[in-house]
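Below is one structure, written out as C-alpha cells; the observations come after it.
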C-alpha cells in the first residue's frame with residue numbers, strides 16, 4: 001500500500017500524563033493499554049487562530065504527497081492521541097493515508113449510479129413508475145377518465161397509506177429489527193443490500209408523489225363528469241359541488257406538501273417544510289374522511305338499489321386504508337409528554353442532555369422540542385452507564401440548538417418512541433470503520449455500547465477536548481484505543497487531513513467490512529461517493545427529513 005503524508009506542517013509531540021508500563025517513555029508509537037489510553041491527559045495545542053473553519057463542516061482537501069521515512073514521525077499537534085495497531089504497527093494517521101485505487105466505471109455511469117440513482121431514488125421510482133405506467137396506459141387508451149371513481153380513490157388511499165407507514169416509528173423499528181437479525185456469517189453481498197434499509201424514505205417519497213398524481217386525475221375526472229353529465233353513475237345532486245370543492249382543496253394541499261418537500265426548499269426553510277408537512281397533512285386526512293362519506297353517499301344514489309351509507313362504506317377499501325393512516329398519525333401523539341432533563345454544559349458550542357424518563361435501543365433517536373406543534377429535533381440517544389436513562393449531545397447547528405445551549409431548558413417535550421437509525425444495522429458486520437465530524441460523535445457513542453462490535457474510529461472536530469469534554473474523548477478511546485481524533489482548530493486550513501484517504505486507509509488496514517459516515521451533508525456525500533465508487537460498502541444518513 002503506497003503511503004503518503006498530508007503535509008509538511010511542523011510537528012510537536014503530544015503531551016501525556018502517565019504512559020503505560022509497556023510504553024517507551026517519550027515515544028508515542030509504542031503500544032498502550034486501553035486504560036492507559038483512556039487516562040491520557042492531552043494538552044490541546046494550537047497553531048494560533050489560523051482558521052475559522054466550523055467543525056461541523058470540515059473540508060476534504062487533497063493531500064500533499066511526500067514520502068515517509070522508515071521511522072514513524074512525531075505526532076502532529078492536531079492529532080489528539082493515537083494508539084498502536086499490533087498487526088501493522090501503524091501509529092499515526094499520516095501512515096494510514098494511502099493512494100486511492102481507481103474508481104469503478106466511467107464518470108457518467110458513476111454519477112448515474114451513486115448520485116442520480118441511489119438506493120433512495122431507486123425505491124422512489126420502484127413505487128412511482130408502476131403508478132405512472134398505469135396512468136399513461138389508461139390515458140393512451142382514452143380510458144383514464146372512465147376509470148370508476150371508487151377505484152381511483154382506492155389507488156390514492158393505497159399510496160397515502162404506504163407513504164404514512166414508511167414514516168411510522170413502529171414500522172421503521174420493526175424493519176430495522178428484522179435486518180439487525182441477519183447473522184454476521186451471511187454473505188457480505190446480502191448484508192450489504194439489507195443494510196440499505198435506512199433508504200426506505202424513498203418509498204415514502206414515491207408513494208406521496210404517486211398519491212398526488214392519482215388524486216389530480218381523480219379530481220379532473222370528477223369535475224369532467226360533473227360538468228358534462230356524461231357518466232351515468234354521477235347523478236345530479238346539490239352535494240356534487242361540495243365534493244368538488246373538497247377535492248380541489250385536497251389537491252392543492254397535496255401539491256403543496258410535495259413541492260415544499262423538495263430537498264432545495266426543505267434545506268432553505270426547514271421550519272416551513274415541517275409546518276406544511278404536518279398541518280396540511282392533517283387537514284388532508286380530515287378532508288379525505290369528509291370526501292369519502294359524501295362521495296360514497298352520492299355514488300350510491302346513482303344505483304337502482306342504493307345501499308345504506310354504512311353498508312357501502314364497509315365495502316370500500318378506502319375506508320380501511322384511511323383507518324390505518326389515521327391510527328398511524330395519532331399513535332406518536334398519544335405518547336406526548338413533558339419530561340425533566342439535566343443539562344451538562346460542555347462548552348458554548350455544545351451540551352449534553354440527560355433524560356431519565358426511559359431507555360433507548362441501540363442507535364435510536366429521540367425527538368424533542370419546546371414547541372410540540374411547530375418543530376421537532378431528533379438526537380441519537382446514548383444509554384447511561386448505569387442502565388437507567390440516556391443522554392444526547394447537542395451542538396450549535398442552527399437557531400433552535402443555539403438557543404437551547406445558551407438558555408438550557410429544565411424540561412422538554414418528547415413524542416412517540418425512539419426511532420432506530422442507520423448505525424443500528426452496523427452490528428450485522430464483523431468489523432467496521434466509523435467516520436464522524438463535529439457532533440456526529442453523538443450517534444457513534446450510542447453505537448459504542450455494542451461492545452462486541454470491533455470498530456475503528458476517525459473523528460474530526462474543532463477543538464474537541466474543549467468543545468465536547470475529555471470524558472467523551474475517553475469513551476472513544478475505550479472503544480478504539482487506536483482512534484484518530486483531529487483538532488481542525490489547530491490545523492492550517494490548507495493542510496487538513498484527507499478524510500477520504502484516511503477512511504479508505506483504515507478500511508484496508510483493519511480489514512473492515514463496511515464504513516459508516518456521520519457528518520454534515522456535504523462531507524457525507526463526498527465520502528459515500530468516493531468510497532462506494534471504489535467498492536467499499538458505505539452507509540450514512542441520507543438527510544431525508
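Any Cβ shown, glycine's included, is placed from N, Cα and C.
Here TrEMBL flags 1-12 as compositional bias 'Polar residues'. Annotation source TrEMBL lists region 'Disordered' at 1-35. Annotation comment: TrEMBL describes 119-140, 152-176, 197-222, 242-263, 275-298, 318-336 as transmembrane segment.
Counted as Cβ pairs under 8 Å, contacts with the transmembrane segment (318-336) are highest for 152-176 among 119-140, 152-176, 197-222, 242-263. Counting Cβ pairs under 8 Å to the transmembrane segment (119-140), the stretch among 152-176, 197-222, 242-263 with the most such contacts is 197-222. When Cβ-Cβ distances below 8 Å are used as the criterion, the transmembrane segment (197-222) is approached by residues 118-128, 131-132, 135, 144-145, 147, 149, 152-153, 155-156, 159-160, 162-163, 166-167, 172, 175-176, 179, 234, 243-244, 247-248, 250-251, 254-255, 257-258, 261, 421-422, 425, 539, 541-542, 544 of the same chain, each at least six residues removed from its ends.
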